[in-house]
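Peer 1: Input: one structure, supplied below.
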Amino acid sequence: MPELPEVETTRRGIEPHLVGRRVDDVVLRRRELRWPIPAEIKRALIGREILATRRRAKYLLLDNALGSAIIHLGMSGVLRVLPASTAVGRHDHIDLQLDSGRVLRFTDPRRFGCLLWQAAGETHPLLAELGPEPLSDDFDGARLFRLSRGRRGPVKNFIMDQATVVGVGNIYAAESLFRAGIDPRRAAGRVSLARYQALAAAIRDILNYAIERGGTTLRDFLNPDGLPGYFEQELLVYGREGLPCRVCATALKTLRLGQRASCYCPRCQR
DNA sequence: CATCGGACCTGTTAGC
DNA sequence: TGCTAACAGGTCCGAT
């Protein structure tokens, strides 16, 4: 469920319950997630105050004086703040028990998510090679243009590559390409600067708007307050195969790029 | 290097 | 109604 807007929505939802709270215990019910939870995690977290929450790409970081817990939600991960007495479910893998009497609970049926640790001043290898944040000044169409020269792969794969720009997953890639009028199959190296500028603007606008709307609701995504995101109703192409394009009424098509479904308008996107 | 496919794992849904 | 297969928001890694 989580692309950048969902991760940011989660961060904003949990932050007020975490900052200034001390972690009294860390309960690990399953250590084998995408990667094993590092052995030092308890020592690093227990007894210390959470000083800040941050987001880098689709990773959430919880900072204390020693460093940062790094959480990725994978495909199906959810973080919620709950009363400590809340019954534990089958896929509730991690609890951070807080001195407020609540727990930060990580639930992840598919276990593609992770909990890692980086000491203060260090950068975890997984975070080291990431591209710029799409909502920062480091990201623009000129960068996309420059990076894409000579690339023969589809532009959709190119913008979903976290080394190009972070946070753009399958949904928002499809949506932003539609908004920019670019066929997702087009070779990345054959998109003009002007069109990359339109694409960069589309990515920025869509992500900002989706964050405002509390993320996308697909299946059971709930933000940490238990409320659904409201962006789904406004998706223009994702999941709309066969339905009329909202701009030109042509039936939308789906193709497969790099194992991922890609819905697009054969008329609006070239 | 860039690109592609497989792998990780479970739950839901479409189709027979 | 039940069973099976396909598919789902991510992304690393190894082979080509």
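Indices start at 1 and increase along the chain as displayed.
From the backbone N, Cα and C atoms, a Cβ is placed for every residue, glycine too.
Dumping what TrEMBL says about this protein:
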- A:P2: active site, schiff-base intermediate with DNA (ACT_SITE)
- A:E3: active site, proton donor (ACT_SITE)
- A:K58: active site, proton donor (ACT_SITE)
- A:R260: active site, proton donor (ACT_SITE)
- A:H91, A:R110, A:R151: DNA binding site (BINDING)
- A:2-113: domain 'Formamidopyrimidine-DNA glycosylase catalytic' (DOMAIN)
- A:236-270: domain 'FPG-type' (DOMAIN)
Peer 1: Taking the Cβ of A:R110 (DNA binding site) as the centre, how many other Cβ atoms fall within a 10 Å radius?
Peer 2: 12
Peer 1: Under the DSSP assignment, what numbers of helix, strand and coil residues are found in the domain 'Formamidopyrimidine-DNA glycosylase catalytic' (A:2-113)?
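Peer 2: Per DSSP, the residues of the domain 'Formamidopyrimidine-DNA glycosylase catalytic' (A:2-113) fall into 20 helix, 45 strand, 47 coil.
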Peer 1: Restricting to the chain of A:H91 (DNA binding site) and a gap of 6 or more, list residues whose Cβ falls under 8 Å of its Cβ, or answer none.
Peer 2: A:T107, A:D108, A:P109
Peer 1: On the Cα atoms of A:H91, A:R110, A:R151, which are listed as binding DNA, what is the maximum pairwise distance in Å?
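Peer 2: Greatest Cα-Cα span of the listed binding residues: 40 Å.
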Peer 1: Between A:K58 (active site, proton donor) and A:E3 (active site, proton donor), how far is it from one CA atom to the other, in Å?
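Peer 2: One finds 6 Å between the Cα atoms of these residues.
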Peer 1: Whole-number Å distance between the CA of A:P2 (active site, schiff-base intermediate with DNA) and the CA of A:R151 (DNA binding site)?
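Peer 2: One finds 27 Å between the Cα atoms of these residues.
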Peer 1: What is the one among the recorded positions A:K58, A:R151, A:R260 whose Cβ has the most other Cβ atoms less than or equal to 10 Å away?
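Peer 2: Counting every other Cβ within 10 Å of each candidate, the maximum falls on A:K58.
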Peer 1: About how far apart, in whole Å, are the alpha carbons (Cα) of A:R260 (active site, proton donor) and A:R151 (DNA binding site)?
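Peer 2: Per the Cα atoms, A:R260 (active site, proton donor) and A:R151 (DNA binding site) stand 19 Å apart.
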